[in-house]
Amino acid sequence: KDRPKKPGLCPPRPQKPCVKECKNDDSCPGQQKCCNYGCKDECRDPIFVG
C-alpha cells in the first residue's frame, strides 16, 4: 500500500507561492522528496542530519 519513503529530510520551507508540484516521493525525480509546506507540496533535494 504505502511505499517506503526516500531517505533524508525536507529542508526549511521556501518562500514561494502555493503550488502542488507532487503527490508523493515517487512523483519527484532522482533523490528528491515531495515536501509538504502547508498550502504547497514541492519536490526538494533532501537534507541529511546526523
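Just so you know, glycine gets a Cβ as well, placed from its N, Cα and C.
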Check for me: which candidate out of C18, C22 does Swiss-Prot give as the disulfide partner of C39?
C18
Pick from C34, C35: which cysteine does Swiss-Prot list as forming a disulfide with C10?
C35
Looking at the disulfide-bonded residues C22, C43, which sits with the largest number of other Cβ atoms within 10 Å of its Cβ?
C22
Check the disulfide-bonded residues C10, C35 for other C-beta atoms within 10 angstroms of each C-beta and report the one with the most.
C35
